[in-house]
Amino acid sequence: MPFTLGQRWISDTESELGLGTVVAVDARTVTLLFPSTGENRLYARSDSPVTRVMFNPGDTITSHDGWQMQVEEVKEENGLLTYIGTRLDTEESGVALREVFLDSKLVFSKPQDRLFAGQIDRMDRFALRYRARKYSSEQFRMPYSGLRGQRTSLIPHQLNIAHDVGRRHAPRVLLADEVGLGKTIEAGMILHQQLLSGAAERVLIIVPETLQHQWLVEMLRRFNLRFALFDDERYAEAQHDAYNPFDTEQLVICSLDFARRSKQRLEHLCEAEWDLLVVDEAHHLVWSEDAPSREYQAIEQLAEHMPGVLLLTATPEQLGMESHFARLRLLDPNRFHDFAQFVEEQKNYRPVADAVAMLLAGNKLSNDELNMLGEMIGEQDIEPLLQAANSDSEDAQSARQELVSMLMDRHGTSRVLFRNTRNGVKGFPKRELHTIKLPLPTQYQTAIKVSGIMGARKSAEDRARDMLYPERIYQEFEGDNATWWNFDPRVEWLMGYLTSHRSQKVLVICAKAATALQLEQVLREREGIRAAVFHEGMSIIERDRAAAWFAEEDTGAQVLLCSEIGSEGRNFQFASHMVMFDLPFNPDLLEQRIGRLDRIGQAHDIQIHVPYLEKTAQSVLVRWYHEGLDAFEHTCPTGRTIYDSVYNDLINYLASPDQTEGFDDLIKNCREQHEALKAQLEQGRDRLLEIHSNGGEKAQALAESIEEQDDDTNLIAFAMNLLDIIGINQDDRGDNMIVLTPSDHMLVPDFPGLSEDGITITFDREVALAREDAQFITWEHPLIRNGLDLILSGDTGSSTISLLKNKALPVGTLLVELIYVVEAQAPKQLQLNRFLPPTPVRMLLDKNGNNLAAQVEFETFNRQLNAVNRHTGSKLVNAVQQDVHAILQLGEAQIEKSARALIDAARNEADEKLSAELSRLEALRAVNPNIRDDELTAIESNRQQVMESLDQAGWRLDALRLIVVTHQ
């Protein structure tokens with residue numbers, strides 16, 4: 001290898017050193033200085049891992065002074081090169097630049113530059129890069145992007161709402177599904193879609209204080225969204241880092257109380273430029289025209305500053321018309337400004353609901369009914385659709401569905417309000433109550449008497465809370481070492497029940513973490529019962545492990561002991577037996593407890609066991625819940641209303657359980673009130689709204705389509721290949737689970753989403769739902785998205801050389817495989833990837849420019865090739881550099897036609913879809929005032945920007961592979 005002082009070379013093994021200069025040569029060695037790092041390297045002359053850097057006419061080079069030049073001619077004299085060309089800054093022509101004055105920080109980013117500089121990748125990395133481009137492009141084009149990656153069951157009504165709302169510009173909607181139907185999941189799906197598509201980047205979630213951790217856990221476990229929890233302490237800390245503390249995080253959860261307590265804090269929240277606000281339990285925001293509550297005003301102020309708002313609330317009729325109007329007013333104050341007008345409007349929806357019911361019934365329609373439908377929809381060209389709907393043809397059903405869809409678009413609050421009820425959604429289990437009355441131990445009787453004397457000044461509410469948990473009263477007097485479990489009959493009963501039902505998974509819930517911990521110890525020590533514990537003092541990872549142990553069928557825990565707060569946000573559908581060791585203070589908490597098992601998808605009827613002590617607040621409460629509200633065996637939408645109305649009386653009975661006079665009358669009154677309210681709710685159901693929210697057959701088809709995509713085996717093969725190349729260890733644990741751990745030779749030292757201890761993953765949705773410690777891997781999971789980003793944002797796999805053993809071709813025949821990418825640059829929120837994601841175009845050219853890609857499929861061809869080591873590859877490249885340049889020019893001439901076809905198709909699709917959406921909403925605007933002006937303006941602006949961006953779309957060479965034919 002001829003070396004001359006002043007020549008520029010690059011290291012094949014340490015390309016990060018930049019451009020080296022030959023500074024010393026003797027008979028056996030050569031020394032290179034790398035000025036950008038100041039390091040020297042000594043190599044053997046005969047076989048050194050370095051490549052000569054030589055540029056060609058057409059290349060752009062940079063001098064060590066920073067100016068750039070377009071090369072027009074290359075001269076060689078005594079082994080040194082001089083480049084002649086035109087300076088780009090001054091446009092001076094005929095400028096000469098000797099190679100010794102080239103910029104030493106030279107980075108080869110173009111695939112051809114890397115190839116000619118000897119920066120040759122392994123063959124498997126080239127294949128991975130092409131697959132990453134191909135799959136990435138396909139995923140952007142897939143329908144339902146953003147709906148496939150969450151760890152949830154594929155429940156049609158949830159998918160329907162999320163699909164509708166998640167694609168809107170700055171959605172402002174009210175989610176009012178009945179309890180147990182998954183409002184939190186619907187909100188999470190909408191957020192996931194908006195964040196994934198770039199429609200939103202900053203999200204604020206405001207919830208009651210008791211639900212903060214539930215939301216934090218749900219967003220992380222189900223959607224891989226890492227929210228930051230802001231409380232007083234976190235807010236104070238963040239003030240050191242930014243003028244506005246909320247600018248330090250993109251995704252934030254805080255409590256309503258935290259938001260409204262300080263005027264400055266509320267101002268900071270309003271100024272933080274969020275894209276989306278989510279408010280849970282919005283029915284607690286009290287409003288009247290004369291006196292809106294402080295909480296309501298705080299949310300109103302925030303909603304004015306934010307483009308998108310999701311309000312989650314109990315069913316509207318449960319709360320009265322005024323309360324319902326107040327919620328809608330937060331979403332669109334211009335549309336919902338007059339309560340009296342709103343009440344009048346609601347009455348007018350009855351004929352529309354009747355018309356929908358008539359269409360869905362499938363009976364023949366009279367002329368009067370057809371005329372009425374025509375008037376309601378108000379379209380000129382609807383006659384053929386009406387005739388089809390009334391015919392016996394195969395199209396009748398789809399025509400009726402289309403008419404229903406048109407009616408719902410044009411009437412009611414269906415664009416701003418979604419509400420599903422249990423009556424309209426199938427798949428819920430029955431609930432059966434088993435009460436076990438137990439004697440009150442003398443130890444507790446004594447403790448309660450003493451407590452009554454000493455706590456005479458306590459309020460009735462405090463006494464009532466004490467009386468619910470007699471073991472805590474006993475411990476107050478006997479100290480922490482008091483062994484209440486030795487005489488409490490509930491413990492005896494629990495042990496007996498568990499030992500006689502060893503094969504059943506049982507969820508035991510108690511109010512306090514200390515009780516759960518003490519029960520675990522007793523069950524383990526006395527009966528050897530395997531029990532996992534779950535309480536608020538544990539980290540999310542510890543809770544995941546406990547839940548996973550409980551979920552294991554054969555070797556797992558038989559029992560999961562949960563505290564009230566610890567179990568928030570967790571569901572255990574695989575269990576159907578629940579023991580309430582004590583009772584919660586209000587009906588909402590009771591429903592929350594039962595809701596751990598009573599979910600859609602629960603395969604068995606739920607058995608609720610309540611062991612209670614007679615003559616205690618527990619005996620009062622169990623009767624009131626069951627006989628007064630029927631709250632154990634059915635969901636109780638009336639519970640909170642009745643609880644509030646009888647609160648004082650109920651508290652007095654709980655505080656003094658021995659005073660039973662009048663209690664039967666209270667229960668009777670509550671039951672009557674419950675039945676009346678329930679009938680009122682049923683009568684007030686908005687069938688039109690339920691049909692729209694449920695989604696019907698369309699929602700079912702959506703769920704089935706996503707289920708089909710779940711079976712995509714390409715993902716598993718690609719993910720394993722990707723993890724291999726990144727350098728992540730994989731250990732197959734069986735049961736469709738794999739443990740990933742970092743290795744010492746990763747492409748990056750710290751891979752996002754992979755902790756030091758490693759993670760467990762699964763590609764199976766059912767396994768992910770049963771095993772909380774296993775992450776559900778889809779194309780939308782951060783692990784895959786970060787991996788794709790790592791490969792595609794750098795130059796991994798962008799240049800390689802392979803040998804093709806094929807005796808049908810002459811030795812030394814050259815082929816060049818080119819991977820071009822056609823793409824358009826635009827802000828993420830334009831969601832340009834719907835129409836033109838970065839799309840790979842593969843070409844396989846011979847030296848005459850014949851493109852063989854259509855005849856030679858990538859994977860088949862890839863299997864026929866053999867790798868070349870880097871050093872041999874560099875020599876091969878140097879030998880055929882001129883030929884490769886010529887083939888590259890032929891490729892540049894051919895790519896334009898393919899790229900233009902892709903860009904034109906994307907323009908046509910974008911224009912058609914966005915114009916159709918705009919026309920539809922403009923037509924509806926005439927009959928449905930729930931379509932906001934800003935939504936129409938945004939769609940038109942979005943359309944213009946998308947078309948402009950597509951006009952400027954281009955293409956570039958992303959990767960190339962040089963193939964040399966050999967016979968050996």
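Including glycine, each Cβ sits where the backbone N, Cα and C put it.
As annotated in Swiss-Prot, motif 'DEAH box' covers the listed stretch 280-283 rather than the other ranges in 244-247, 280-283, 752-755. Listed as Cβ neighbours of the motif 'DEAH box' (280-283) (distance under 8 Å, sequence separation of 6 or more from its ends, same chain) are residues 174, 183-184, 187, 205-208, 211, 215, 299, 311-314, 318-319, 323, 327, 330. Long-range Cβ proximity for L181 (ATP binding site), meaning a same-chain Cβ under 8 A and a gap of 6 or more residues, is found for H157, Q158, N420, T421, R422, V425, I600.
DSSP places the residues of the motif 'DEAH box' (280-283) in helix, strand and coil in these numbers: 2 helix, 0 strand, 2 coil. Highest Cβ count within 10 Å among the binding-site residues D177, E178: D177. Listed in sequence order, the residues E186, N420 complete the 8 Å Cβ shell around the ATP site centroid, once D177, E178, V179, G180, L181, G182, K183, T184 themselves are left out. Annotation for the binding-site residues G180, G182: lowest Cβ count within 10 Å of the residue's own Cβ, G180. Within 10 Å of the C-beta of T184 (ATP binding site) we count 20 further C-beta atoms, all protein chains included. When averaged over the domain 'Helicase C-terminal' (490-662), pLDDT in the model lands at 88.
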